[in-house]
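Read the structure below first, then the notes.
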Amino acid sequence: MTTVRQRRVGKGTETAEDQPSEEKNVNPDRKILSDHTGGKVWKILSITVGGIVAISLGLLTSVYVATLHENDLWFSNIKEVEREISFRTECGLYYSYYKQMIQAASIQQGLHGLVYDNKTESVRTINILERMNVYQEVFLSILYRILPIQQYLEPVYFYIYTLFGLQAVYVIALYVTSWLLSGTWLSGLLAACWYITNRIDTTRVEFTIPLRENWALPFFAVQIAAITYLLRTHLQPVQERLTFMAVFIATFLFSLTWQFNQFMMLIQALALFILDCFDMLPTAKVTWLYIIQISGLLLVCLLQFFNSMILGSLVISFNTSVLIARTIQKNLKKGALLNRLGKLIFHVLLVLCLTLLINKFIKKILNLESDEHIFKFLKAKFGFGATRDFDANLYLCEEAFGLLPLNTFSRLSDTLLFYVYIFVLFLMTVAAVIVAFQNLSGSNQVQFVEKMEECTITLKPDAAYNLIHTVLFGCLALSTMRMKYLWTSHMCVFASFGLCSTEVWKLILKCINLYTSQRTHVIKYSVPVITLLYISYKFWPGIMDELSELREFYDPDTVELMNWIKSNTPNTAVFAGSMQLLAGVKLCTGRTLTNHPHYEDKNLRERTKQIYQIYAKRSPEDVYRILRSFGTDYVILEDSICYERRHSRGCRLRDLLDIANGHIMDGLGENEPDLKPSLYPRFCEEIKKNLPSYTIHFSRVFQNKTFHVYKLAKHK
């Protein structure tokens, strides 16, 4: 197991830009011109200062996470094999393709090796560019080869510095989104500070560097910023076209770099659909956003050699259905309240039915089953029946795919983020409900008359989009912990926007009969400044302590295993074992694998289940036959899996295999009535006794405290 240990010593003030003054200018023409010129200069100055602050915060965040990574592993001092082992599980698999491209004799040979890969899955030739989202590794490796930096920068540093650099893009995009929503860069400053102080819950880039989300989320944040700007009113045609182009590029890059792109795009499409149904967004812009999503995904599909999983995605079926349904129902947004509600219900049902029909038709034509494990997992997760499916249970038992832990909210509350977020979310949700009712009823405004005071509720399109976005991605995060990083980063944006928004404070003050323009502006700037001072006072010492804490990478057993494989096995040897370990074997040794952690393929899932019989109650003959069918030369057994204690009974890997095989689980506890005792003991335990029935097929060639490597006999 990879661990870290303690390192041994010896070895402002600004002017709002969001809303024009409510007071009418009645001064002479010369005074008007003077005020206009002064206001324009002040606006340019404010934008310049805000831009400098944004770039500075982005760069500081990059340096911050890079320093944490170095301090945690002593990355600059450890051996190459230790650096590679630090890229755990699927991270190591992705990085191995970057390394493969760097070490290839030429770029053409490197690309050929990826398109016709026979080392990632034994006895199979697969197209890595089709199966996995590794174009970023390809691009980065080509860039490293053509730039004159080889003498000054190692390939691994070029790779990790690029990822840390993307964190600067991420923070700047969050900053800009909050600035666009509130009209003041103070909001962006607060959003960035919240992102940094809540780092544990907003990013994990410093210890999972090559993970796909660390590539994709910065582009997703840029896309959200571009959409936020696009939904502003009174944009010039040139501004609109440029913004649409920015949205398309960001959508394409996001989709190209993450295999879960289609599910994120679906949630975004649902947000657009909901807002469009309630007439809260311009229909023409929403239509173009649907088309951009489809175009971006289809372009990715083309680059991934017509990846069928993209073609069969729900988001393409959904967006197509919405566009078709719109053509059928042309008068959807006309009529009285009850008439419109009836049309709306029919529209939703029509879109839903069309989506299911189109998606089923595409999957039938393409014979697509690659994503069936996701729907099995969702069905079991939300209580639509228990399952014995191995793949679904493998996800259900992983903490990352469980519900969001409650201690997340206590951490977010320490920085005041969660409290402010809930406050803003409540106000904006109430405003959205009122505006939606107002739009459906056809009235121009909804008024609450209280003590002869008028309180008019409005909601700008950009704010409405970000509201629904945060609600939907919040639901996703609550249901699946791994997806919390999509929500918590936007939570920083949304909370800071509300705290710095003229509209929010104006609404609150009007409803309690305390509104004045001056009071609104004082609160709008003073509350965020006080919040920033509180965050700085409470968390700055902790950040400094964190940056001064020095540790080092320590995993001698895995290092010993990798060195043994490189020194004592042929380059063509085929290894079987756990998905997580084999990713490291490929990266560190270049040996051929039987299976790996990129689980989005039905054949690979079936293969992995078969390989994992080494931890089940099977006969040595059965296990030998299975392993040899995949061309296995060596099998690696891990004590941490064979005698697992990390999960409770029923979620240990050996338990999942027993249930899938119809066998009773080990240990005290209940079993389902139709499960039967196995005729054979557990393979990973029994093989260590060196019984003749095992040694005839398997001979131990390596052993340490963690790993046992057995060589398979080659019977004629």
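Every residue gets a Cβ built from N, Cα and C, even glycine.
The compositional bias 'Basic residues' feature in TrEMBL is assigned to 1-10.
Among the features that TrEMBL reports, compositional bias 'Basic and acidic residues' is placed at 21-30.
Taken from TrEMBL, the feature region 'Disordered' covers 1-30.
Per TrEMBL, transmembrane segment is recorded for 41-66 (among others).
Within the chain, the transmembrane segment (179-197) has long-range Cβ neighbours (under 8 A, six or more residues past its boundaries) at 12, 14, 16-19, 46-47, 49-50, 53-54, 57-58, 61, 64, 171, 203, 225, 228-229, 232, 415, 417, 462-463, 466, 489, 491-493, 495-497, 499-502, 524-525, 528-529, 531-532, 535-536, 539, 543. The feature transmembrane segment is assigned by TrEMBL to 179-197 (among others).
What TrEMBL lists as transmembrane segment is 217-235 (among others).
Feature annotation from TrEMBL assigns transmembrane segment to 242-260 (among others).
Taken from TrEMBL, the feature transmembrane segment covers 266-284 (among others).
Residues or ranges marked as transmembrane segment by TrEMBL: 296-324 (among others).
Outside the transmembrane segment (344-362) by six or more residues, the chain places 273, 277, 311-312, 314, 316-318, 320-322, 324-325, 328-329, 332, 368, 440 with a CB less than 8 A from a CB of the stretch. Under the heading transmembrane segment, TrEMBL lists 344-362 (among others).
Annotation comment: TrEMBL describes 416-437 (among others) as transmembrane segment. Same-chain neighbours of the transmembrane segment (416-437): 194, 198, 278, 280, 409, 446, 457-459, 463-464, 467-468, 470-471, 491-492, 494-499, 504, 507-508, 531, 534-535, counting only residues six or more beyond its ends whose CB sits under 8 Å from a CB of the stretch.
What TrEMBL lists as transmembrane segment is 463-481 (among others).
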Honestly, do the transmembrane segment (266-284) and the transmembrane segment (296-324) touch, with at least three Cβ pairs under 8 Å and pairs 6 or more apart in sequence?
yes
For the transmembrane segment (296-324), what are the same-chain contacts with Cβ under 8 Å, counting residues 6+ beyond its ends?
127, 129-131, 133, 135, 248, 251-252, 254-256, 261-263, 265-266, 269-270, 273, 287, 290, 350-352, 354-356, 358-359, 362-363, 366, 368, 370-371, 600
